[in-house]
Ligand SMILES: [Zn+2]
C-alpha cells in the first residue's frame, strides 16, 4: 500500500548557473560530471556558440565532439541521438539550443544511461530544468510526456546569448512562465498530483507565484533590453523566471488547463510553426475564462500579454471562432484521459472548453480596443 500513501514532493536540477558570458565557464562545470561529453546543437546555434564552447571545454581538458539536432524531439530523433551517445562512448550529453533540442537530449541521455546537461541559448521555455521531455510526432503533434528519475545535473544559461536572440523567443518564454502560476494555483486547489509525482509542496507553489510576480514587474523592460541585445538586471530576472522559477514551478507546482490546451492546439495544422509559449498563452487565457476569473484579472492578463507580444486571440494562432470542427477537435485532444486539464478543481467537458475557446476572440478584441492596443493580425502557418 506504500505506493498509494499520499506525499508532497519537490524536485530540481543539481546545479543552476546563470550569467552574462556564463558559456565561457561551461568546461569548469562539466568537469565533475564526465570525461567524455557529447554536445548536441543544430548548425545555426553552433555557428554562434561553437567557438566559446570549444575554448571552454579545451581549457578544461575535455574533448569537443558535436552532433547536429534534427529539429523535432520525436521518438525517432531520440533513438538516433541515443545511438550517437553509444557510438561516441559519451558519459555526459549536453544540449545546446532551444527547448526541442533540450527535450530530445534529456530523453536520449536517460535512454543511454548517462548524465545530461541543458545549455539553453534562448529563454523561450521552461524545459531546461525539468525531469521530463515532451515528445512529438515527426509532424510536430503532441504525443506523450516522458518522465525520468532525475533532473539535469547542470543547467547553464548565458544571458548574453539570450539577449542576442530575437525578442520573440523571450516573449514566448514569458507566456510559458505566466501559465505556471495559473496552473499551480489550480493544482493547489484540487490537490492533484504534479509532474514530480506527488502533491505540491509549499515550495513548488511559492516558486510558481514568484515567477508570476517577477514577470509582471520586469517582462516589459526585459523585452526592451533584448531588442537592443543588452543584458540588464530586468533581463537577468526574467531569464531566471522563465527558466528556473517556471521550470521548478510547473514541475513541482502542477500543470492544469493551460498546458493541456496547448497540447490540444498542436492537433490543429493551423498552429504549427508557433512557439510553445505562444500557444500556452492562449491556454492561460482560456483557463482564466473556464475558471470564471474576475473580469479585471482577465482584462489585465490580455493587456499585459499583448504588450509583451503574445497572442491573445484565435486569429493570432491561425484559427477563428467559426472553425467549430477545428475548435472541437482541439478541445477533444485537450481533455483526453490523463491530460493535465483534469487537475483543475472542477470537471471540464469538451463543450465547456469549446465555448471558452470561442469566447476569447471577441473578449480580447474588445479589451485590446478599449486599451488602445493593436488589432490582432492573422497568423499564416508555414506549409511544408
Ligand atoms: Zn510549457
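Note: Cβ is positioned from N, Cα and C throughout, glycine not excepted.
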Query: For the NAD(+) site that TrEMBL assigns to 99, 100, 101, 102, 103, 121, 122, 123, 124, 130, 132, 136, which of the candidates 42, 43, 213, 224 is also assigned?
result: 42
Query: Hey, TrEMBL has glycerol bound by 176, 259, 276. Any idea which of 126, 325, 326 it lists too?
result: 126
Query: Looking only at 126, 176, 259, 276, the residues listed as binding glycerol, what is the longest Cα to Cα distance in Å?
result: 12
- request: Would you mind sorting out which binding-site residues among 42, 130, 176 put a C-beta under 6 angstroms from ligand 1?
  value: 176
Query: Rounded to a whole number, how many Å is the Cα of residue 42 (NAD(+) binding site) away from the Cα of residue 276 (glycerol binding site)?
result: 19
Message: If you count, for each of the binding-site residues 126, 176, the other Cβ atoms lying within 10 Å of its Cβ, which residue has the minimum?
response: 126
Message: For a three-state summary based on DSSP, what are the helix, strand and coil counts in the domain 'Alcohol dehydrogenase iron-type/glycerol dehydrogenase GldA' (13-159)?
response: 60 helix, 39 strand, 48 coil
Listed in sequence order, residues not in 126, 176, 259, 276 with Cβ within 8 Å of the centre of the glycerol site Cβ atoms: 99, 125, 127, 175, 177, 179, 180, 246, 250, 262, 277, 280
